[in-house]
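Lifted from TrEMBL, the feature list:
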| type | residues | note |
| --- | --- | --- |
| DOMAIN | 23-461 | domain 'Major facilitator superfamily (MFS) profile' |
| REGION | 465-486 | region 'Disordered' |
| TRANSMEM | 21-46 | transmembrane segment |
| TRANSMEM | 82-103 | transmembrane segment |
| TRANSMEM | 110-129 | transmembrane segment |
| TRANSMEM | 135-156 | transmembrane segment |
| TRANSMEM | 168-192 | transmembrane segment |
| TRANSMEM | 198-218 | transmembrane segment |
| TRANSMEM | 280-303 | transmembrane segment |
| TRANSMEM | 315-336 | transmembrane segment |
| TRANSMEM | 348-367 | transmembrane segment |
| TRANSMEM | 373-395 | transmembrane segment |
| TRANSMEM | 407-430 | transmembrane segment |
| TRANSMEM | 436-460 | transmembrane segment |
Amino acid sequence: MVHAAAMAQGKKRPAVPPPDGGWGWVIVAGCFMVTVCTRAVTSFWFCSLNWFQPLLTGQFRCISIFFVEFQMHFGRDYSGTAWIHSLVDCTTMLCAPLGSFIGNRLSCRIAVILGGFLSSIGLVLSSFATSLEYLYLSLGVLTGIGFSLCYTPAIAMVGSYFCERKALAYGIAMSGSGIGTFILAPVVQLLIEHYSWRGALLILGGVVSNLCVCGALLRPITLKEEEEAHGPVPLDTDCGYRVKAQVVSTLEEPLAINNSKDSRCFKSMQEYRFLLMPDFLMLAVSFLFLASGCSLPFVYLVPYALDVGVSHHQAAFLMSILGVIDIVGNITFGWLVDRRCLKKYRNVCYMIAVGMEGLCCLFIPLLRTFALLVPFSVLYGYFDGAYVALIPVVTSDIVGTTNLSSALGIVYFLHAIPYLLSPPIGGWLVDTTGTYTATFFLSGFALISSSLVISTVTGIRHCRRTQKHRKNNKDTDPKQDPCQGSRSDFYIASRFPCLSIQM
């Protein structure tokens, strides 16, 4: 029986290159709906109906559609009511590693289905709330945990299906936040007007339950039998392939079976070995700076515009422009980066996008009219959408697709605290200085620092790659595909053009 089990294990079919299409587009559609339900729904806690009724995006962090309803119904102050959004958003980010863990241990499909169930239950229970403390638990904690189980596994799944068009796939998937808010924000307002906030939350619970359907679509890549002269070989992590355990010889298989507990422990260690990579540590520092600066313009653009004499309607239109162009940036920049001439410079494109955001923030104190603020909204919105689409791509380039789910869990975890603290710090600077200059400078310098850190990582990796190519000059093809990985520990089948042979 041991021999039969060993033979069955040895017959596991190795993974094949990602299809870059086919069922992969269904995965993108599923991830798109996940971002609609997780990010667009939470963005309803960002909209200000008092300041800009025609605002089409829900990304402005102020008084929400539900905020006024909760405040009026429960008779609580601003700070007490604001904790609802803080909890749901921070719980989603803080528990992102939990979503990665469940996705790795069970499957991405199970993680998303479970998350859809929990978040739907949280919204439905919230419709029966009798106090704000009740909403803290049902809407803030339970729904936030459900969203965290869905978000990271769905995003990581896209990377398993795409290599050649990875940036475009992520751009389409991540645009669900802006497009979903564009469509759902006015719908939710109508639901509140017709069915009250309780009915609106109940219906939203039904909408979010569709995450279970999205999870069911996230099937693993179909593995094919490869009969090579040297036997089956695992796949390169950098090219978007799911790495399977290396097939051991017949004599070693019974020993591997007997030591299954040790292998599970080893697998757990392997999942997070990227935490010891200097490149990833530098990337994490870059994301901390990024998260500290990227949210401030969304919070303070409208107050700044009103402060310099722009009308309420025009200030609202600035945010509408920013939100719509953000969607355009998601898709078009992803498509652009996937072009053959730019593919191997994806990290540089990401660095430029973040750096341009920072420069926009440094110049905004000089922009004191509506005509000058419109270009700012266009540029900042475009580059904001651009870098959001490239975060999973850049992370995958550093850690490989095998570790992408776990790495994204850490990446989004790092976003939580800066998201929570940077707006109050920006507000404190406004109160202290009496102007918005220091706040926008803080945002600009944080974003530029993030760009400089990632440029350092890119430079170090380029030097290492150059040294390695010189060392293995005889065996390295000078025209290798940009999808090739440089950190694979395995030998790759040479007939796959996206795979590199490690010597």
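Glycine is no exception: its Cβ is also placed from the backbone N, Cα and C atoms.
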Residues sitting near the transmembrane segment (135-156): Cβ under 8 Å, six or more positions beyond its termini, same chain? 30-31, 34-35, 37-39, 42, 70, 83-84, 86-96, 98-100, 102-103, 108, 111-112, 114-123, 125-126, 129, 170, 173-174, 201, 208, 211, 214-215, 218, 392, 404-405, 408-409, 412
Ranking 110-129, 315-336, 373-395, 407-430 by the number of C-beta pairs under 8 Å to the transmembrane segment (280-303), which range is first? 407-430
Run the contact check on the transmembrane segment (373-395) against the transmembrane segment (168-192): 3 or more C-beta pairs under 8 Å, excluding pairs closer than 6 in sequence. yes
